[in-house]
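Undergrad: One structure follows; several queries about it will come next.
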Amino acid sequence: MVAEKPPMALVLGLESSCDETAVALVDNDGNIIAHHLATQEILHRPYGGVVPEIAARAHVERLEPLIRKVLDESGKNLSDVDAIAATAGPGLIGGVMVGLVTGKALSLACNKPLIAINHLEGHALTPRLADQSLSFPYLLLLISGGHCQILLVKNVGEYRRLATTIDDAGGEAFDKTAKILGLGFPGGPAVEQEALKGDPTAVPLPRPLVRSKEPHFSFAGLKTAVLRAHQSGLYKREDIAASFQQAVIDCLVNRSEKALRKIESENTAINAFVIAGGMAANQAIRPALTALAEAHNLPFVTPAPWLCTDNGAMIAWAGIERFRLGMIDTLDSPARARWPLDPHAEKARGAGVKA
Ligand code: KG4
Ligand code: ZN
């Protein structure tokens, strides 16, 4: 019997949780009808990092024109849209409030349901936008600027966190390394470019936690080691960048391997090993993790780089996933600075603030 095709749905997605203002219109089949993004790089560059107040103000100015642009370009108006999806957290609270309140206003004005999206769920489900054959459950390495987690993605809204970072996120480590090396902002792509010129074996750097039993991450010690290597004056900048990137890759592979073994030992069947989040855009990280998936006889899935870093399509797509399951929200949905995907996850030993 041929499965019945779900009815067509069109969702407008709004993203404003960090320094990208982004809007997209996505349909049920995973077609990105239109998308636009306004980056705030220039505004934050003088400070070497995202300034929350500046980010929130920029979202206020940019969001409405981007919505207009996306609708105009797609030849649609708000009455054609089935739901409004807006990031409701986690993130910089000022920016989250701008996007969420805009989503609520559109929902109210057009009488369309609001879907309050967890930004991390946006990253977690985007691989299913990129690869429509990807089905639950899958093991996800979520590596972004604020989070570094390994999650069993069981279904929409159902996550089991196997690992998290006990200090910095991986993307944060890239950003701090870029700052130490004077490579500017944003750090991830800058370190990746610098690393292309360097020798990944030139600088001895630690691989934190690689011997620990649980598959958690730690990057704070690595960042300190990068600082020491730089201050020693013994190494070339490109060699430090390449050695740092290699250390991160080794940690990601080692920790993911640990999580895969854990899942296998529990006889939990999974359909793929998946990576998502801004750091997954890194072209050196991808091959190492592809090889790991292959070694475990699993398909490797990752979205195109632009869908790994923050964008509107990931929020619209998470909206589609929720809308077709009838998961809509009320207009009193809160904006949340913290919002773990697995609220029941045990605290990692030594863990500070990362949810
Ligand atoms: O997912 P994302 O766009 O925003 C958050 O939700 O945090 O991730 C941004 C993070 C930043 O720390 C950035 O430096 C990192 O992802 N990143 C990269 C690359 N592109 C972005 N890290 C390493 N290599 C890259 N090519
Ligand atoms: Zn993100």
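For all residues, glycine too, the Cβ spot is worked out from N, Cα and C.
Per TrEMBL, the feature Fe cation binding site maps to H119, H123, D310. Annotation source TrEMBL lists substrate binding site at L142, I143, S144, G145, G146, D175, G188, E192, N282. For 32-317, the entry in TrEMBL reads domain 'Gcp-like'.
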Undergrad: Which residues, sitting 6 or more apart from L142 (substrate binding site) on the same chain, put a CB under 8 Å from its CB?
TA: L120, H123, A124, C148, Q149, I150, L151, I275, A276, G277
Undergrad: Please work out which residue of G146, G188 has the most C-beta neighbours within 10 angstroms of its C-beta, and give that one of the binding-site residues.
TA: G188
Undergrad: Is it possible to get the count of other C-beta atoms within 10 angstroms of the C-beta of S144 (substrate binding site)?
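TA: Within a 10 Å radius of the Cβ of S144 (substrate binding site) lie 24 other Cβ atoms.
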Undergrad: Within the set S144, G188, D310, which binding-site residues show a CB-to-ligand 2 distance under 6 A?
TA: S144, D310
Undergrad: What are the other residues, in sequence order, whose C-beta lies within 8 angstroms of the center of the C-beta atoms of H119, H123, D310 at the Fe cation site?
TA: E15, S17, C18, T87, L120, G122, S144, G277, G278, N311, M314, I315
Undergrad: What's the CA-CA gap between G146 (substrate binding site) and H119 (Fe cation binding site) in angstrom, rounded?
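TA: Per the Cα atoms, G146 (substrate binding site) and H119 (Fe cation binding site) stand 11 Å apart.
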Undergrad: Give me the count of other Cβ atoms within 10 A of the Cβ belonging to N282 (substrate binding site).
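TA: Taking all protein chains shown, N282 (substrate binding site) has 24 Cβ neighbours within 10 Å.
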Undergrad: Around the C-beta of H123 (Fe cation binding site), how many further C-beta atoms are within 10 angstroms, looking at every protein chain?
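TA: H123 (Fe cation binding site) is surrounded by 31 other Cβ atoms within 10 Å.
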Undergrad: Just to verify a number: CA distance, D310 (Fe cation binding site) to G188 (substrate binding site), in angstrom, no decimals.
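TA: Their Cα atoms are separated by 13 Å.
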